[in-house]
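Student: These came from TrEMBL, pasted as-is:
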- His46: active site, proton donor (ACT_SITE)
- His131: active site, proton acceptor (ACT_SITE)
- 46-49: motif 'HXTX 1' (MOTIF)
- 131-134: motif 'HXTX 2' (MOTIF)
Amino acid sequence: MAGNSHYFIGVPIDGSILDSLIHAQNQLKENEQVAFKSWTHPSDMHITLKFLGPAADNTIERLINNLQQINQLESFSLTIGGTGFFGNPQSPRVVWAGVHKTSPLLTLQKSVEKVCEDTGFSAEQRPYRPHITLAKKWSGEQTTGELMGDEPPEQNMAITKFQLYQIHPSQTPKYEVIKEFKLK
């Protein structure tokens, strides 16, 4: 860990869901009207539970200790599928794969949020919108065409853990797992 690095907490994506997302991302890359500066590396695909921003090592150590209490939550299943975007449809800031909001996911996210607030991190003011980022930072002209080809199929994914990540903006992949937390 490095002092004042940026961190977040998220759920990793793997297996057949990751394969489907890579396929959807590759279709997006093949569309000549699509121009993003940043494509999410497959190893970096995740569902964000809480963005933390910069934090000192001692704060991260306290957070790790405090997050241990969440391991009392049960594992659950989540449906991933569909795509969407944030921002202007002709030049979106982010293209994402959808994550169905379920009660267990919201319970996990709210539990993480509370632990983070109790550790001294700022409360999130925006509503929680779970998603998996495929690309971001539009860099081309505005498009009038369809961005996506075939939507990734809806698939269920077992959520058995969440992870604390450190962000390394100049590396690929950008996210390093600092600590993993298993659910029951």
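Here the Cβ of each residue, glycine as well, is placed from N, Cα and C on the backbone.
Map these features onto the structure and tell me what's around them.
Tutor: Neighbour density for His46 (active site, proton donor): within 10 A of its CB lie 20 other CB atoms from the protein chains shown. His46 (active site, proton donor) falls within a strand when secondary structure is assigned with DSSP.
Counting only same-chain residues at least 6 apart in sequence, those with a Cβ under 8 Å from the Cβ of His131 (active site, proton acceptor) are Ile47, Gly84, Val94, Trp96, Ala97, Gly98, Val99.
Taken together, the residues in the motif 'HXTX 1' (46-49) have a mean pLDDT of 98 on the 0 to 100 scale.
Same-chain residues lying 6+ beyond the ends of the motif 'HXTX 2' (131-134) with a Cβ under 8 Å from its Cβ atoms: 13, 21, 24-25, 28, 39-40, 45-47, 80, 83-84, 94-99.
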Student: Which sequence-distant residues neighbour the motif 'HXTX 1' (46-49)? Criterion: at least 6 residues beyond either end, Cβ under 8 Å.
Tutor: 8-13, 78, 99, 108-109, 112-113, 130-132, 162-163, 165, 175
Student: In the three-state scheme derived from DSSP, which category covers His131 (active site, proton acceptor)?
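Tutor: Reduced to three states, the DSSP call for His131 (active site, proton acceptor) is strand.
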